[in-house]
Amino acid sequence: MDRRRLPPDLPALLRQREAERAAAAKPRFIPKKERERMAAEKAAKEEEERKRREEALIAQRHSSANGTNGSNGYSSGKSTTNSIPTGPKAMRHPGDSGEPEHGGKRRRLNDNDEKRAEMERKDAAELRAKYMGPEVNQSTFSAKKKRKRTAANKFNFDWDPEDDTSRPFDPVYAERPESLVRLAGYENTDELVLRKAEAIRRGDPETGEERARKLLEQHERVKQAAERKNFGKHWSEKKLEDMKERDWRIFKENFGIATKGGAIPNPMRSWAESNLPRRLLEIVENVGYDEPTPIQRAAIPIAQQARDLIGVAVTGSGKTAAFLLPLLVYISELPPLTEFNKNDGPYALILAPTRELVQQIETEARKFAGPLGFTVVSIVGGHSLEEQAFALRNGAEIIVATPGRLVDCLERRLLVFSQCCYIIMDEADRMIDQGFEEPLTKILDALPVANEKPDTEDAENSQLMSRYLGGKDRYRQTMMYTATMPPLVEKIAKKYLRRPAIVTIGNAGEAVDTVEQRVEFVSGEDKRKRRLQEILNSGQFKPPVIVFVNIKRNCEMVAKDIKSWGYSTVTLHGSKTQEQREASLASVRNGQANILVATDLAGRGIDVADVSLVVNFNMPSSIEAYTHRIGRTGRAGKSGVAITFLGNEDSDVMYDLKQIISKSSISKVPEELRRHEAAQSKPTRGGGKKLDDSGGFAGKGGSWQ
C-alpha cells in the first residue's frame, strides 16, 4: 500500500526559517588561523579568476587579429556581418578597426570587474572589523606621514650640539639684584648702590659710565623723595609728628586695635608719648610696666580727652591700668578733700561683680594712688558696715565696690554721691549675668545730674567736656569695660553713656592667643578623677594650678581627692566667708597652696600670677564662662594650657567650643569634637540653665550630687 506524502507543517517550516535567519544574522566567531586560511583561499581564487580573465582577453585579441588575410584585406571565410572597408594599417587611428567597439567594451568590463572586486574586498574588511574587531598586530603608523610632519616643523639651530653656548661672565648679573624702591621698614644703603654702579662700569666699557651715573642720580632722587615723605621708615623709627595716616593704620593692625566713634585720638606708641604727668610716669616705671598693652595704648588717650568709653577686650589684657591712670589724672585736677567736702562722697567710683575682683582692683589702685596722696577704699560683702563706715570717716577720692553692698550703704545713708564725677564699670557683662542690673541702675540713678554730659555732638568735643562747671565741677565721665557685649549691657551703655568711643582689642569673646586649649572626652566622675591625677603627676605643669567645677559640693569633693594625692589644695566658692576667700587667694599667691579648686566665682577678674594650667573638671554651661575660666592662665604675655573634660551632657556648648578653639593659632580641635553631631550646628534651643553660685546642686555635677 503506497503511503501518501504528507504536506509540510507550515508552523514548523516557519520556525525553521526563523532559526536559520537568526543563525545567519548572529555573528560567528572564527579563529585567527581559520580567518587566515579563508583569506588565502579567497585571494587565490581572485588571483586565479584574474589570470583566467586576462588569458581569455589575450585569446580574444589574437582571434580577432587572425580573422583577416594579408593580401587585399578581405576575409578568407564567410563573415556573419558585413565588414567595413579600411585603409592601410599605418593610416588607421585607434578604434578604426572593423570591430571598433569590442576592445573598448572589454576594457571597460575588465575595469568594472576590478572596481567591483575592490569594493567587495573593502566590504569584507569592514564586516570583519565590525564583528571581529581590528587586527591585533596591524600597525596604523605611517612612516611617510611621520617624516613629513617632523620635517615640516623641525627647527634648526645656528650652532652645532658640540658648541659652547654658555654666556660669558657678567659682573652686573653676578650678584642678586636689589630693589631700589624704599618700602616701609626697609632702607637701601648707599654702599649697595655704589657697588652696583661700579659693576656696571666694569661690565660695559662703552656705555657703562653713563648708565652708572643715571643709576646714582635715580638713587639720589629716591632718597630725597623718601626723606620728604618720610615713607621709608617703620613707624617705630619715626617721630610722633612724622606719623602719617598709613602709619597709624599699620600700628593699629599690629596691635589688633579697632575703634569706633567720632573724633577719636590716635593711640599712644609708648609711655613717654602718653601725655601722663611726669610723677605718674615715674610710678608706672617703678611698678614695672615697661610697654603699654594694646588696650592701654588705645584707651588712655581717649580717656584723657574726657570722652565716655566702652572697652571690649579679652581677659588678662591690662584693663585695670587702662582705666586707673586716666582716673588719677582726672581727679588730680579737682580740689583736694577737706573737712568741708569729704562728706560729699568720692570723686570716682569703680564697680566690679565680685569681692575678689574688687580687692584686686583696690590693691592695684593703691600702687598708683598712694604716692599721689589719694585714698582708695573698698566696699564689699563679708565685712560689717561699721568697719566700712569707719574706713570712710576721713573721706576717699576713690571707692571700689560691688553693686549689692554699695546699694546697702546708699540705702542706710552711709554714703552719698554729691560730687562723684567719674564712673567705671569693670566686667559689666558679668555684673549683668549675676543679676546686678537693678542695683547697677539704682547706683547710676543716684549720681548727680548737674554735671551730666549732653547727648549731642558736643559730647565728642574734648575741649568743651574738659571745662569746669560753676568753677569747680566737671562733666561726668563714664567708662564701661567688658569682655562681651550682650544686649542688656548695650542697653545700659545707651542709657548712661553719652556718645561713647568704642575700643575693641582682638575679637570680643575669644580666648587669648597665649592659651593652648585642649579638650578630652572623659565621661564619669571616677574617670575624670583618674585623668586629673595623671595630669598633675606628669610633672609638666608647675604650680599654681586652678581646677574649675560647676557646683560648690563638687568643689569640696574634688579638693579632698587632690589632697589625698599629696597636693596642698584650697577651695573658693560662694559659701566661703570673705575672710576664707581672702585667705585662700593669699595662700595660692604666696605659694603655700599649689592647687586652687573653684567655681565660676574665680572665673573672672581674679589675677593669680604665673598660673601654668587651668583644668575644667566640668565644662561650664556657656562659652563666655569658658573664655573667662581659661583666661586665668596665659596672662601678662606668658603662655599657659587649659584642659577641658567633656561629656555628652555638654552638647549645648560643643559647637561654640569648636568655633573658639578653631580660631586659636596654637590650639587644635580634637577629631572627636570635630566629628561630634552636636558640634556640627548651633543648637536652636536655648543653652543650658545658668548656674547660680549661691545655689546648692544645680548644673552638671555628675554622680557626686
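Even glycines carry a Cβ here, placed using N, Cα and C.
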Stated Swiss-Prot location of motif 'Q motif', expressed as one of 153-181, 269-297, 443-471, 501-529: 269-297
Of the residue ranges 426-429, 434-437, 542-545, 626-629, the one that Swiss-Prot records as motif 'DEAD box': 426-429
Helix, strand and coil totals (DSSP H, G, I; E, B; other) for the motif 'DEAD box' (426-429): 2 helix, 1 strand, 1 coil
Summary of DSSP states over the compositional bias 'Basic and acidic residues' (31-56), given as helix, strand and coil counts: 25 helix, 0 strand, 1 coil
Three-state secondary structure, which DSSP defines for Ala313 (ATP binding site): coil
Within the predicted model, mean pLDDT of the motif 'Q motif' (269-297): 87
Thr320 (ATP binding site) in three-state DSSP notation: helix
For the motif 'DEAD box' (426-429), distant same-chain residues with Cβ under 8 A (at least six beyond the ends): 319-320, 323, 350-353, 357, 361, 480-486, 489, 492, 604-605, 624
Same-chain residues at least 6 beyond the ends of the compositional bias 'Basic and acidic residues' (31-56) whose Cβ lies under 8 Å from its Cβ atoms: 110, 113, 117, 128, 132
